[in-house]
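All remarks here apply to the structure that follows.
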Amino acid sequence: MKATQLKLNRKTALKGAILFIASLVMVSCFDDTKTTYDDTVDIPVNQEMIAELTSPPHVPTPVGRRKAKKLVVKMEILEKEGTMTDGVTYMYWTFGGTVPGSFIRTRVGDEVEFHLQNHPDNKLPHNIDLHAVNGPGGGAESSFVVPGHSKVFSFKTLNPGLYVYHCATAPVGMHIANGMYGLILVEPAGGLPEVDKEYYIMQGDFYTKGANGERGLQPFDMQKAVNEQADYVVFNGKVGALTGDNALTAKVGETVRLYVGNGGPGLVSSFHVIGEIFDRVNVEGGSLVNENVQTTLIPAGGAAMIEFKVDVPGTFIIVDHSIFRAFNKGALGMLKVEGEEDKKIYSGEIRDDIYLPEGPGIQSMPTTDEIIASEVPAKSFEEQMEFGKQTYMQTCFACHQSEGQGIPNAFPPLAKSDYLNANVDRAIGTVLHGLTGEITVNGEKYNSVMTRQMLSPDEIANVLTYVYNSWGNSGKIITSEMVEKVKNQK
Amino acid sequence: MKNGAFKFLIVSIAFFMHCELFAQSEGMVYIEGSRYIPLYGRDSTVVEVKDFEMDIYPVSNLEYGDFLKKNTNWQKSKALKLFTDKMYLTNWKNDLQLEASALSNSPVTYVSWFAAKAYCECQGKRLPTIDEWEYAAMADETTKDARVKPEYNKKILDWYEAPRSNENTIGMNAKNAWGVYDLHGLVWEWTLDFNSVLITGESRKDVDTDNNLFCGSAAINATDLMNYAAFMRYAIRGSLEAKYSMKNLGFRCVKPVTK
């Protein structure tokens with residue numbers, strides 16, 4: 001730290017000397033980097049540069065010490081089908097082909113020349129409202145563009161901060177609900193403080209004709225949107241955009257900055273990272289810095305810059321702490337941190353003692369007993385496997401993991417599981433009624449709780465068939481009749 | 001509006017441009033006029049639509065090809081840049097042949113308003129006004145004004161989200177109560193007075209200028225759904241200029257009935 005500071009000082013000193021000499025020689029018209037401007041409108045621009053745009057969760061290179069420039073941004077609008085979650089697709093409207101749209105990184109004083117290109121295959125006219133713009137409609141008035149055309153307008157970035165952009169074409173709510181939002185960052189002169197890792201996350205709520213998880217291409221549901229009854233609340237446009245192989249990564253000791261936005265259209269986000277305290281938060285994306293924050297509120301059409309240092313290894317779960325959204329509607333991401341443990345900061349489990357409270361042992365989800373049977377029963381083994389996998393990814397994956405490997409000491413494996421393969425009826429019963437207490441799986445003891453699952457007999461048959469025919473298990477085929485039999489034994 | 005005078009000039013030039021006339025009333029249906037309240041438009045007040053005939057189908061690539069043979073000045077290499085943009089007939093290989101991927105019985109698209117207008121005039125017809133088009137298009141298969149039916153509106157909204165429908169062939173959608181096909185579900189269609197709609201592109205401001213649009217209703221009902229569908233048509237019209245050509249935009253003609 002000290003060394004770099006010294007080096008910097010020396011560097012600036014050297015630069016100062018050169019400048020001094022230069023000014024002696026060249027007299028005037030040489031603008032020093034040190035010049036400050038009371039009004040950001042007065043910051044001059046020189047040179048032209050094509051803006052680097054990145055897809056989430058990545059962000060472009062920091063502006064660093066570069067001077068204000070004319071920055072050319074070319075943003076393409078694409079209406080295209082994408083995956084919402086396993087087995088469910090959605091017709092997304094996007095800026096740059098992704099939800100959220102491409103990240104735009106500028107510095108204060110830049111003159112942004114914005115090219116909004118509406119792809120000829122698109123059905124609808126669109127425009128863009130950037131919250132970083134001082135001007136009517138935030139650019140929307142000047143950027144209304146028909147498919148097959150490109151509109152150009154320009155603006156000067158006057159206020160540093162993290163801003164949302166979105167489409168503002170009628171019906172505005174529908175354009176936003178279909179994914180037309182993203183973030184534009186305006187860094188202060190000299191750039192933001194350096195960090196080791198930077199990521200781009202944006203929350204959005206989606207409203208589909210079918211309920212959460214219902215298979216097929218799901219159209220937008222205007223009524224649900226008006227009622228603000230979201231079927232999906234997700235980070236980066238889909239369920240699982242930041243989990244498993246897509247998880248964010250960092251190493252112990254690194255500083256991480258998250259650029260978090262909320263596209264809405266309807267819901268406000270209580271942004272939280274489980275097991276991490278935010279060292280610094282630029283509240284609402286502005287200049288006010290709050291420190292030591294557990295959960296920060298991000299309004300629809302707002303953003304926040306969040307910084308923290310990761311101290312211990314492990315998987316840190318990113319959620320909207322309106323918690324049913326996280327575990328039932330998709331607002332869940334992961335930050336995987338690798339490196340040395342530090343027992344002083346976090347010990348891990350020290351002891352497991354027996355504690356027997358009163359009351360029933362098995363937890364169950366409060367619900368009516370009406371489970372709607374799947375409308376499309378599987379017709380073949382292949383379909384059973386396909387549907388079963390979808391159910392697995394929606395229901396079982398979070399604990400038992402993608403390859404059925406489970407999580408050591410917490411959730412037992414399903415892959416090559418002796419407990420599973422020994423008794424089919426017991427397995428069916430476990431999914432139907434839940435399971436609690438100590439069991440031994442492949443020689444390891446587990447003492448955990450699995451709640452009863454809200455699945456129809458068809459779905460249970462499919463998901464168990466999938467499990468039994470994956471990862472080296474016994475290859476049994478489960479039918480809905482077998483499930484009914486176990487269900488009625490009780 | 002901003003260049004109204006300029007547009008007027010262009011229109012007058014277009015008027016003098018010669019084209020070969022031939023009349024035909026077949027392939028059209030009679031639409032009995034009436035008074036109705038359009039979904040959303042200039043004032044959302046009652047408008048009167050006089051009796052007219054409307055093409056049963058939108059103009060096909062094949063029909064447009066015939067027009068090009070007789071009216072060489074509208075061929076892609078010869079059309080004036082004043083009346084067409086670079087996208088004009090971009091799915092045509094040359095002046096008279098479609099690209100292999102395009103079907104002759106698909107609707108013609110990539111045509112400008114000027115071209116569409118000239119086509120209709122050559123047949124002794126004209127483009128429909130917004131009021132006429134919306135009037136004929138508010139029918140479903142059984143009812144002449146189906147706008148209050150949720151199903152009718154859902155179908156339209158679904159189409160707005162479906163990609164590449166312009167590559168479908170004409171007549172695949174069910175015919176409506178007037179006997180007209182494909183007003184919804186195939187391509188957008190040019191109207192004579194498309195740019196009379198005051199959509200600025202800043203739709204939230206447009207809301208202020210037309211309070212009827214949201215009618216102060218908190219809950220969404222069929223009327224709102226219907227407004228949403230109509231709203232999107234007005235948005236596309238508002239975003240166009242007369243020389244633009246677009247992949248999803250075709251046209252059909254009408255003929256006033258004189259008694």
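Every residue gets a Cβ built from N, Cα and C, even glycine.
Per TrEMBL, these features apply:
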- A:1-31: signal peptide (SIGNAL)
- A:His126, A:His131, A:His166, A:Cys167, A:His175, A:Met180, A:His321: Cu cation binding site (BINDING)
- A:383-471: domain 'Cytochrome c' (DOMAIN)
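Positions of TrEMBL features highlighted on the structure.
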| residue | record | Cβ neighbours (10 Å) |
| --- | --- | --- |
| A:His126 | Cu cation binding site | 28 |
| A:His131 | Cu cation binding site | 20 |
| A:His166 | Cu cation binding site | 27 |
| A:Cys167 | Cu cation binding site | 27 |
| A:His175 | Cu cation binding site | 23 |
| A:Met180 | Cu cation binding site | 30 |
| A:His321 | Cu cation binding site | 17 |
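The DSSP breakdown of the domain 'Cytochrome c' (A:383-471) into helical (H, G, I), extended (E, B) and coil residues amounts to 45 helix, 16 strand, 28 coil. In the three-state DSSP assignment, the secondary structure recorded for A:His126 (Cu cation binding site) is strand.
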